[in-house]
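Each remark here refers to the structure printed beneath this line.
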Amino acid sequence: MSLSTIICIGMAGSGKTTFMQRLNSHLRAEKTPPYVINLDPAVLRVPYGANIDIRDSIKYKKVMENYQLGPNGAIVTSLNLFSTKIDQVIRLVEQKKDKFQNCIIDTPGQIECFVWSASGAIITESFASSFPTVIAYIVDTPRNSSPTTFMSNMLYACSILYKTKLPMIVVFNKTDVCKADFAKEWMTDFESFQAAIKEDQDLNGDNGLGSGYMSSLVNSMSLMLEEFYSQLDVVGVSSFTGDGFDEFMQCVDKKVDEYDQYYKQEREKALNLKKKKEEMRKQKSLNGLMKDLGLNEKSSAAASDNDSIDAISDLEEDANDGLVDRDEDEGVEREYTFPGEERTKGEVNENSAPDLQRRYQEAMQQVGKTASSETAENIAKYIRN
């Protein structure tokens, strides 16, 4: 069985790090210890042993001092620095894939620093292109007892799913404090969610959501997210007691199968399309360069000239084809003979035939004029092209 990657994402205070600790303990109890990676550079202490820890190579406070950044800017910069070595991280994980079945990754609590940053996309894409990857979106169940907060969390989960395009499991954490049954019901029953909105209005009066713009907006969003809910696996867990982690791992196995069946093919299509577009862009740039240099026009003009003429000497040879053959070549018996200079002054013989020399000279002048004219025209055409 190939190694699968679980990327844990959640808002600050959702219990993400505690979830990682309990998941690590659960898998070790099952005799399948995971390969653990910590990507939170600002955490002071992690309650689990990490095989790769971003804090070993990047000092968060030094980044703040050297680059004069605030907390969130330092987290983004730390992730940027770490992402430059992501190929080495992938290589290390690949070397251990025969010893581990799962790789679990903890991310910063400032969720936007990871999800919406370029470094977060690089890290996610690198793992997703090498291993079956699943997103575990951790939700604080007690905080989501309000319909407004619940809807906001679901919209955030939807945006993460759209951004990563990876299988997602919505994990309702802290079920030891508040059961997640109400959330599962809201996701599957629209009327139940409407009743919760009305109840919120009754409890909070004018501050509730039972009427007006907010009520209409929340109802519309719940209808819109109905298709989104159908693609999710939802599980309730308690990081404090350990309840629900068996169900969570079953969901992971299911999502890994979905990754191999659907997401992997879609990702390959997307990569091939991207590669094809890049090749087309390079070819277009090359054609533009050739056009700017004028190489295409010159080559096409030379090709057309080669089809019609090869050289100017060929024109002259073709023009000479119109010359009149000598009488000897034609086998005609000469009608007169003049010795010396008299060859050009003789009289016509007894048959009173036309002066053959005059006819010969006229023919030569006419043929020479025609050949020269054709040669001049062809030369002019060659120069113009």
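Placement of Cβ uses the backbone N, Cα and C atoms for every residue, glycine included.
Going by Swiss-Prot, these are the annotated features:
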- G13, S14, G15, K16, T17, T18, N173, K174, T175, D176: GTP binding site (BINDING)
- S304: phosphoserine (MOD_RES)
- S308: phosphoserine (MOD_RES)
- S313: phosphoserine (MOD_RES)
- 317-332: compositional bias 'Acidic residues' (COMPBIAS)
- 333-348: compositional bias 'Basic and acidic residues' (COMPBIAS)
- S352: phosphoserine (MOD_RES)
- K369: ubiquitin cross-link (CROSSLNK)
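Taken over all pairs of the listed GTP-binding residues (G13, S14, G15, K16, T17, T18, N173, K174, T175, D176), the Cα spread reaches a maximum of 17 Å, rounded to the nearest whole number. In the three-state DSSP scheme, N173 (GTP binding site) is classed as strand. The Cβ of G15 (GTP binding site) has I138, D140, N173, K174, S239 as same-chain neighbours under 8 Å, each 6 or more residues away in sequence. Residue with the densest Cβ environment among the binding-site residues T17, N173, T175: N173, by other Cβ atoms within 10 Å. Sequence-distant neighbours of G13 (GTP binding site) (same chain, 6+ apart, CB under 8 A from its CB) are G109, D140, R143. DSSP assigns T17 (GTP binding site) to a helical segment in the three-state reduction.
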